Amino acid sequence: MATVDVLTSEVVVPAGETPAGAVWLSNLDLAARRGYTPTVFFYRHNGEPGFFAADAMRDSLARALVAFYPVAGRLGLDGDGRVQVDCTGEGVVFATARSGHYALDDLMGEFVPCDEMRDLFVPAAPAAASCCPRGGALLLVQVTYLRCGGVVLGMALHHSIADGRSAAHFVETWASIARGAPAADAPVPPCFDHRLLAARPARAVLYDHPEYKPEPAPPARAATASTYASAIITLTKQQVGALRAACAGASTFRAVVALVWQCACRARALPPEAETRLHSMIDTRQRLSPPLPPGYFGNAVIRTSTAATAGEVVSSPVGHAARRARAATSQGEDYARSVVDYLEGVDAMNLPRSGVSRADLRAISWLGMSLADADFGWGSPAFMGPAIMYYSGFVYVMNAPGKDGAVALALSLEPESMPEFRKVFADEVARLA
């Protein structure tokens, strides 16, 4: 098994004075998955001296933390026992490491999201930091120097304080400072007013929200799987275009997820009468009136889903599955506010977070996020993606770095289903071309 040698590990605090006090967390923050979201960025050496110099990365991180000061805080409790962010300025973890085993091309050839890759390239999460007050640092960073001169930047941001778009906002700001931009000229100033997503005084739950309700114990066949096989699959711009055309012009995310859903049902050999549910997330930022500020930093996504029988998904054209996916992702402000109001009446810290059943799929869109272009002064990443997948039945849809219009999928399925999925998916993509 490959190893890395940790060279340094320290705490980086904001480079200047920051506000004290606390940041109130919304119901969507409390309902987010507990713990961290580990991600990795692979960078090819550009031939310049000082490539990803530790001092430059550390100093720019400290300056970014001035604007994003809650990231340097800790989770705590308010007087009513509600989780909040205490803006203590205690700092974040910053480590450097070296790998004598991996060159970048080797790593890109064998990388799949898994525990081993997370353990190699992302600092270990503090045991008490998942949801407990006075837990550990909310951001963990590691710069690993490969034997070829390339670099893996691994980071894990606590999900209680940021969703994917907010994480991208932080990375974009940090990268701009590393490139030499003044810290005061952040691309978009962050907004930490989470009360913009508070429940309404007169709560109005207008919809059913099964995604936030405890589920009865499923039969053995449908049990969630903590063991999984994962894969990275890339679709070219032409393949994405052909798939969207087959889906009557559906969005890239809906078209890709529709095909993944179909192929997963086939690979899992689900009975035609079995219910299969496609879970997804909706970003509420532009769906509210007025919209959230451009720099809203927190969790602004809500869970949603749509269900069908496996027979319907498999036997219908892929465009039908895309229309189902649209039904799961097209809700507007009324639905979003209904979710927030519903969560006001439940214990948001103890919602179901154990994964999805063996018949289901959870799809997350990272399309359009600046993570794929995170340039710290030495060029954009050759690859960016999640370091782990958590459980079977998970798929991220992302822009493929450096490949205009191409899409990368990070996918996890049951180990026995993955080989058949890869075959069926490749056959379907070839047939569409």
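Just so you know, glycine gets a Cβ as well, placed from its N, Cα and C.
Small disclaimer: the values here were computed from a predicted structure and weren't measured.
Over in Swiss-Prot, the protein carries these features:
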type	residues	note
ACT_SITE	HIS159	active site, proton acceptor
ACT_SITE	ASP375	active site, proton acceptor
CB within-chain contacts under 8 A for HIS159 (active site, proton acceptor), separation at least 6:
ALA32, ARG33, ARG34, GLY35, TYR36, THR37, ASN299
So if I draw a 10 Å sphere around the Cβ of ASP375 (active site, proton acceptor), how many other Cβ atoms end up inside it?
15
Does DSSP give ASP375 (active site, proton acceptor) helix, strand or coil?
coil
